[in-house]
């Protein structure tokens, strides 16, 4: 059976030169991952040990008021804590005791480090061990850092999941583990496709509830659904699990190759694969074709933001007819992103890390049709006449798998259509 996909390029970007940037960054910190994780993990609570700035960021980004009692909060470090005039550990213990007595539904508590807690060297790992012993087994306490000193944007989820992996039960069962947080409707689509292929049992990390936590062992194979999970990938590998490498499921091609890699691992016949995927593939291809009319022939520049950039560049160049000038990403994990880089034709600059002033200079020099960047850069670039796309939308919007492929292309087409309308109106 032929997958009826375009042939790979003669030379991809996996083994090409990478421009290493180590300057000023313009990205959100890892605390932002809490915004989608607290919705996914329904018996978890994320307690940020940080400042009022951390609290304002989370409240604003989540779009909820604190009296709504979301599954996150901030233990505020006051001036006396920062000055070493108070026992921050004792105060943290009291806050946790108060929280758990008020919220008996909590089964997983995450102590999340921030810039202030990192600066005063508050040992949240030891605090988590102490509090787990005190409140277990009903509540397990984890810790990870979302500090802007240590992490960028999507690394918060990676650090969170990596903190869970060592505590997962051991198993000898042959299971597929899907790793990465997805909106429930998208996760259901993925599981439905895999189940229709006859693949199972299928487990998910993160689980909705602590009691549903997957096991892991030498017969576990795992597929990542997000490309920013390098630390989690390493933690699972150390537990004996094996990674199924594949392009990420963005667009029709990426989804098909992701599913095919898993299907091959589980011995699914070509005929069965065609039977299950033919209809959703056709829908995805039609939806992408409609949305990509605006994108064909346009040039693209990615600022580093989420680590989705190489996978999205592959989708936009191969399925939407765009050309990439530069593909920037905060970190480049070739073991994870290699299959996508193989399909990204040689040509664009691949940059890792950020030196924002130099990258802005390169945008001005190359004048791309579309620039994908963070919120803080978008308005200044728009004021200079560049068309921009907010990178954060690509994380908070459902964009994975067949049914969202057209929406994904549409996210990039929308700012170009808006710019064209504004130009027509200005000409009139």
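Note that Cβ sites are derived from N, Cα and C of the backbone, with glycine treated the same way.
Listed features, source Swiss-Prot:
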- 29, 54, 115: [4Fe-4S] cluster binding site (BINDING)
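Of all the binding-site residues listed (54, 115), 115 has the fewest other CB atoms within 10 A of its CB. In sequence order, 57, 114, 115, 146, 147, 148, 151, 152, 153, 156 make up the list of same-chain residues 6 or more apart from residue 29 ([4Fe-4S] cluster binding site) whose Cβ falls under 8 Å from its Cβ. Secondary structure at residue 29 ([4Fe-4S] cluster binding site), taken from DSSP and collapsed to helix, strand or coil, is coil. Residues 31, 48, 50, 51, 53, 57, 114, 116, 146, 147, 148 surround the recorded [4Fe-4S] cluster site, their Cβ atoms falling within 8 Å of the Cβ centroid of 29, 54, 115, which are themselves excluded.
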